[in-house]
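Below is one structure, written out as structure tokens; comments come after it.
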Amino acid sequence: MIVDGRVSKIVLASIKNNIYKVFITVNSPIKFIAGQFVMVTINGKKCPFSIANCPTKNHEIELHIGSSNKDCSLDIIEYFVDALVEEVAIELDAPHGNAWLRSESNNPLLLIAGGTGLSYINSILTNCLNRNIPQDIYLYWGVKNSSLLYEDEELLELSLNNKNLHYIPVIEDKSEEWIGKKGTVLDAVMEDFTDLAHFDIYVCGPFMMAKTAKEKLIEEKKAKSEQMFADAFAYV
């Protein structure tokens, strides 16, 4: 489904690391399932972005974008800023992706996010909490350092208000003073679980992280391939 939209707001989620939340109001509601993504036409090229919001808010699309020093990342942010300032319409194509939330399942959930891969996880998490599902939800969010945990306070509050949500942030910088877990997000998962046979597992982050997660969790933690979901798995 192709619709037009307008950038309604851009929020700088992390000043130090240039992480942005982009909100796009669409002319026609987009029907999608939590965990799917949207293609945005940028300078003539279609670029995929995970939809960060819950499907019940289908009149507005939320994207999380990390702006590194790479030219492509900077160009993307510049495009959205220009669209906001100039109030021009942008083209969106959605929904896409097969790593959507299997809401009919009663299995506990393991959500693994790397960096701004949290956007994909956020849509799934919000949907689950809105439906008041009873099963446990384990959210592991891995970043290089704590300054990249741009949704940390919000997730901590959610975990306090929802007893079935277990939020575990993980940082890779072992030199940083940090009370929580250190290392890679996959290391933390491997350390905390012995048997994932009855879990539904959702993964989003760098391609190699997703690839390694699928291999190791199946081989060493009894995870079932048919209960693991990530857009990256289509290329593994």
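Using N, Cα and C of the backbone, Cβ positions are placed for all residues, glycine too.
From a predicted model like this one, the values you see are computed outputs, not experimental measurements.
According to Swiss-Prot:
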{"type": "DOMAIN", "residues": "1-102", "note": "domain 'FAD-binding FR-type'"}
{"type": "BINDING", "residues": "Gly114, Gly115, Thr116, Gly117, Leu118", "note": "pyridine binding site"}
May I ask which residues of the same chain, at least 6 positions away in sequence, place their Cβ under 8 angstroms from the Cβ of Leu118 (pyridine binding site)? Ala52, His64, Trp141, Glu151, Cys204
Between the binding-site residues Gly114, Gly115, Gly117, where is the Cβ count within 10 Å the lowest? Gly115
The correct DSSP tally for the domain 'FAD-binding FR-type' (1-102) reads 16 helix, 47 strand, 39 coil
Tell me which residues of the chain lie with their Cβ under 8 angstroms from that of Thr116 (pyridine binding site), as long as they are six or more apart in sequence? Ile19, His64, Ile65, Gly66
With a radius of 8 angstroms around the mean position of the C-beta atoms of Gly114, Gly115, Thr116, Gly117, Leu118, what other residues of the same chain does the pyridine site pick up? His64, Gly66, Ala113, Ser119, Tyr120, Ile121, Trp141, Gly142, Val143, Cys204, Gly205
